[in-house]
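Structure first, then comments.
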Amino acid sequence: MLVTAYLAIVFLLALCVGLELTARRLSPPQSTPTAVANPAFRHFQSTFLRAYLLALWADWLQGPYLYKLYRHYSFLESQIAILYVCGLASCILFAPFSGWLSQALGRRRSCLFFCLSYSACCLTKLSRDYFVLIAGRVLGGLSTSLLTTTFEAWYVHRHVEIHDFPKEWIPSTFTRAATWNHGLAVGAGLVANLLAEWLHLGPVAPFLLAVPCLACCAWVVLTDWGKEEANKGPVEEKQTLLLGTPNGGVTRMSARARFSRSCHDGLRCLLSDRRVMLLGGVQALFESVLYIFVFLWTPVLDPHGPPLGIVFSCLMAASMVGSLLYRLATSTHYHLQPGHVLCLAVLMAFFSFFMLTFSTAPGQPRPHESFLAFLLLELACGLYFPAVSFLQGRVIPEDKRAGVLAWFRLPLHLLACLGLLALHGEISGTGAGEGGSGTRHMFGGCAVMMLAALMAVVSLFTLGRNDSDLRLEGTRGEGDMY
């Protein structure tokens, strides 16, 4: 497995370079976009990305060795499963709070609060006390919720309300962030492996490295973002919304009322449009099994001695390959629709979990086949995320998108929690990576969920067979990843 992991990362990175060069060669020559040619926009974009990419880097550093750290502290797999459940449950509890916080506390202050809470989460990893680690998982759930909302909220507000840049320029920033995000994920695995295994600093080392990265992120938010707000607009405090009244007056809507209205509108949109309902079902089923995969990949492979940081980089590189394949497939050269790519991604994920039900048989583990199945699953993820983002942008109205996506995340996290609790019950006797059947049963359940997701995708495109909203016209539409 050691040799396999190093060969795989070399091959996948070479494949990424080849696909990128191919995509550039097949792309028609274009004039310089207005956004790129605008120096004020470029400066604003770089100011945002400096802080956002540092936050993403700190987040990725914690991926490769989380499970390994808990095992290093001699916790059982069933105890580790509960730790993961606490993290997911806190995501459910704090998801509404994070949206409200960015409006009540202020967007920039919410980003600073994220840096503080995630640093505290990382520092809890120094303790061997189980309840301290549970508190760390709760802080991690809060921080993850903030990461997915507060930075984007600050950027979109400044972009539209303060700088008055065209809304059409927003996707270029998040497309650029997504491109960097893949590279950061691969690099995080390599750096984590360097610290934990090559330098023999142990699995806690990547978490400690994340703390100064978060401190740098906070410094950029304090200084660069502070200058940006001082020059272009007042520092934000509590956010309110002015609404007209029938008699011509105005009333102020509080942050809490504004959030409640967003959730109410999102639920109405979800229930009134069957396309949105089916798309939400696909997202809940597909992404919930990814949380289960995040828990299981380490105990499946770790007993066979691979370098976990390198394996993590391989998985992230496979996801990058999938993203580049999506870019090629939807280009003007091949003309595939995002819906077709989504069907392919779900089918590949189903086949991956089907393979894992055989490669993780008790007493007869086949780690090389499991590793290949994990790579196939990450490849499917690279295809899935840009495809589903495109479709969400087409079927969900922009003013209701935040509320609808909040409702999407609720069953997603609930399914993941239920799956891990079921796994906890099965592995409490034998262990996930020690010959028990719990892992195999869980992969079988994930395969069934992928089959249900595939049926939902088919229903979605049967319903909208002649729906132009679900089709990509003209060029490849890579900007729709936002």
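Cβ atoms are placed via backbone N, Cα and C, with glycine included.
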Quiz item: According to TrEMBL, which listed range is transmembrane segment: 42-64, 134-156, 249-271?
Solution: 134-156
Quiz item: Who are the chain neighbours of the transmembrane segment (134-156) in space, where the CB to CB distance is under 8 Å and they lie at least 6 residues beyond its ends?
Solution: 48, 51-52, 55-56, 59, 62, 82-84, 86-91, 93-95, 97-99, 101-102, 107-108, 110-111, 113-114, 117-118, 120-122, 124-125, 127, 170, 173-174, 225
Quiz prompt | Long-range environment of the transmembrane segment (442-463) - Cβ separation under 8 angstroms, sequence gap at least 6 | solution = 274-275, 278-279, 281-282, 285-286, 288-289, 292-293, 296, 339, 342-343, 346-347, 349-350, 353-354, 356-357, 360, 415, 419, 422-423, 426, 470
Quiz item: How about the transmembrane segment (80-99) and the transmembrane segment (403-422): do they have 3 or more C-beta pairs under 8 A, pairs 6 or more apart in sequence?
Solution: yes
Quiz item: Restricting to the same chain and to residues at least six past its boundaries, which positions have a Cβ under 8 Å from a Cβ of the transmembrane segment (202-222)?
Solution: 50-51, 54-55, 57-59, 61-62, 64-65, 68-69, 72, 108, 111-112, 115-116, 118-119, 122-123, 125-126, 188, 191-192, 195-196
Self-check item: For the transmembrane segment (309-329), sequence-distant contacts whose Cβ falls under 8 Å of one of its Cβ atoms, 6 or more beyond its ends
Solution: 5-6, 8-9, 12-13, 15-16, 19-20, 22-23, 26, 60, 63-65, 178, 182-183, 185-194, 196-197, 297, 301, 336, 338, 340-341, 345, 371, 374-376, 378-387, 476, 478
